[in-house]
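> Quick one: the structure is below, questions incoming.
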């Protein structure tokens, strides 16, 4: 309500760091709004997610990585809905100790990620926060009209599929929190680097969007952990997942061999940013073929049940594994 | 990065407080994204603005007022672009001391404001903040294709117009900060209430959007003060504003009679959320007529000059008034 001693005006900051990132319709960030029209015959898909220092990332993470993550977690939502990215808006609440170096690196990383994913900056708002830095991104994608793939529309008998590998990011986070744990020290440097990188740099599965649109009956991204997210996808519905079928990276498999309880972190931890979707059995071959064409590995891990209940995770010996917690919750 | 003791899950919180506000395309907030298609032949207009406790509002402001303000400041941007509202996304970062009572009142106020303005909730993200509460709203409007009214497109000779009255909110903020000032104590209770209410409850000028679209050569909303915002609208361009022509409410006029220096706060303070626009002289009558039809008072306060320079604010005696500061800046 009262201005502090000015460092750089918001206008100056935007012109210097963010205007170079502006896409069509953004008017060079010289206006308070952008215009965007979907391709004729398409709907826009809208999603918003925020990352907060100390909650979703470490305050000392590289600013370019923070920026890339803030965009990637939103593009991951677009991918899960079958959407192709069109652009994004940014809310940046800077903690009192922000520096222009941090901001320059953040903007550089944001621009690189935006270019990589074909998703330009359309506008934003920058405010100061008395607390930790917060980055909120609103991302816009598009799908052919009526084509958004929903989360809650799986049908009994559908095959449950995931992309990529599960658990790497959760184990990468564990590595950050417990670098001296016996299992952490026993991993190869390459395996440690892989897990740490999966936590720091989510890779939105945008290439899979067309296959999802064509073949999936329901889809979401795995952001709060496979166990909790599958329960969200199938509220009150039964399902069976074969734990042995859940794809693990060599690094995650090595960590779990060293400390078998880490399977819980891998399956119920978060930050995978892989796709979780359901596919009718008759469409499974087509889905696999479309995913292969897109260069994205997919695996069938279970089946949606006919009755009510909760998703069950089956051990190789037929037993059912229980998890201490479901999805990550911020509250 | 590590969960605190859970109070209410994010899903539970959304289902209880926000799902009742969900509009078409939001799938009852049971998904991670919404779909939105503009009316055929229209573009979407996108804008984002955040309000932070202790910066943009007082932490003890009524939560329903905070919610209404967070939406209103964005709808004000849509109005200035000539857009009709279609919906919004919400990022809510809750300070550690949030209570469910606060949240219930916030959601109630948000729903009431959304209904009043015909702008439903389409989705959101709720996170915890280690600092003050932050509310970021991304609002979507629409204009006929190509019809967005830009900020930087005024032409020499255009008439500068504003809606409503200027300075009320800035004086309302002063009242909050200096309730015991002589001028504050000398105002009538009605005048004090008027000024305080203008600060607390911005009124987006959505009714004026069609007139802006039809008649304005450029437009923006006055959020950071008339002096600074006019300079933003006319970067490097000259203009003359007659201070006597700037419309004041009876309450603001009374305050300025009591303490003449308050004219500076009125003209360079922020939070007016009135429309500042330029109109070609030949369209001025049509603009006035359209504004009158919309029930929104408008006033011509000056003229865009032909040459370079900065906007000049002229006193009734012909002198030029200087202002200690330009636009409110958060940095």
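Using N, Cα and C of the backbone, Cβ positions are placed for all residues, glycine too.
For A:32, A:77, A:221, the entry in TrEMBL reads Mg(2+) 3 binding site. Among the features that TrEMBL reports, Mg(2+) 4 binding site is placed at A:32, A:47, A:77. As annotated by TrEMBL, Mg(2+) 2 binding site applies to A:49, A:77. Marked as Mg(2+) 1 binding site by TrEMBL: A:49, A:125. The substrate binding site annotation in TrEMBL covers A:56, A:271, A:328. Under the heading ATP binding site, TrEMBL lists A:124, A:125, A:151, A:223. What TrEMBL records for A:224 is Mg(2+) 5 binding site. Residues or ranges marked as domain 'PurM-like N-terminal' in TrEMBL: A:31-143. Summarising the annotation, TrEMBL assigns domain 'PurM-like C-terminal' to A:155-308.
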> For residue A:124 (ATP binding site), which of the binding-site residues A:32, A:77, A:221, A:224, A:271 has the nearest Cα in space?
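Looking at Cα distances from residue A:124 (ATP binding site), the smallest one goes to A:32.
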> Around residue A:271 (substrate binding site), how many other CB atoms lie within 10 A of its CB?
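Residue A:271 (substrate binding site): 25 neighbouring Cβ atoms within 10 Å.
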> Can you give me the average pLDDT across the domain 'PurM-like N-terminal' (A:31-143), rounded to a whole number?
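Mean pLDDT for the domain 'PurM-like N-terminal' (A:31-143): 96.
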> Do any of A:32, A:151, A:223, A:271 (binding-site residues) have a CA within 10 A of residue A:49 (Mg(2+) 2 binding site), and if so which?
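Within 10 Å Cα-Cα: none.
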> Whole-number Å only: compute the distance from the Cα of residue A:224 (Mg(2+) 5 binding site) to the Cα of residue A:32 (Mg(2+) 3 binding site).
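With distance taken Cα to Cα, residue A:32 (Mg(2+) 3 binding site) is 34 Å from residue A:224 (Mg(2+) 5 binding site).
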> Taking DSSP as the reference, which of helix, strand or coil describes residue A:271 (substrate binding site)?
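Looking at the DSSP assignment, residue A:271 (substrate binding site) belongs to neither helix nor strand, so coil.
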> Which residues of the same chain, at least 6 positions away in sequence, have a Cβ lying under 8 Å from the Cβ of residue A:125 (Mg(2+) 1 binding site)?
A:90, A:91, A:92
> How many Å separate the two farthest-apart Cα atoms among the ATP-binding residues A:124, A:125, A:151, A:223?
30
> Give me the count of other Cβ atoms within 10 A of the Cβ belonging to residue A:223 (ATP binding site).
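Excluding its own Cβ, residue A:223 (ATP binding site) sees 24 Cβ atoms within 10 Å.
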> State the three-class DSSP label for residue A:221 (Mg(2+) 3 binding site), counting H, G and I as helix, E and B as strand, and everything else as coil.
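Going by the DSSP assignment, residue A:221 (Mg(2+) 3 binding site) falls within a strand, counted as strand.
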> For the binding-site residues A:32, A:49, A:77, A:221, A:224, which one has the sparsest Cβ surroundings, going by other Cβ atoms within 10 Å?
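Taking A:32, A:49, A:77, A:221, A:224 as the binding-site residues, the minimal 10 Å Cβ count falls on A:224.
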> Closest to residue A:77 (Mg(2+) 3 binding site): which of the binding-site residues A:47, A:56, A:151, A:223, going by Cα position?
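That would be A:47, nearest by Cα distance.
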> Name the residues of the same chain, 6+ apart in sequence, whose Cβ is under 8 Å from the Cβ of residue A:56 (substrate binding site)?
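A:50, A:69 - these are the non-local Cβ neighbours of residue A:56 (substrate binding site), listed in sequence order.
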> Across all the protein chains here, work out how many other Cβ atoms are within 10 Å of the Cβ of residue A:151 (ATP binding site).
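There are 23 of them.
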> At the Cα level, what's the spacing in Å between residue A:47 (Mg(2+) 4 binding site) and residue A:221 (Mg(2+) 3 binding site), rounded?
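Residue A:221 (Mg(2+) 3 binding site) has its Cα 12 Å from the Cα of residue A:47 (Mg(2+) 4 binding site).
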> Between residue A:32 (Mg(2+) 3 binding site) and residue A:223 (ATP binding site), how many Å separate their Cα atoms?
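Checking the Cα atoms of residue A:32 (Mg(2+) 3 binding site) and residue A:223 (ATP binding site) gives a distance of 31 Å.
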> For residue A:151 (ATP binding site), just give me the three-state DSSP call.
coil
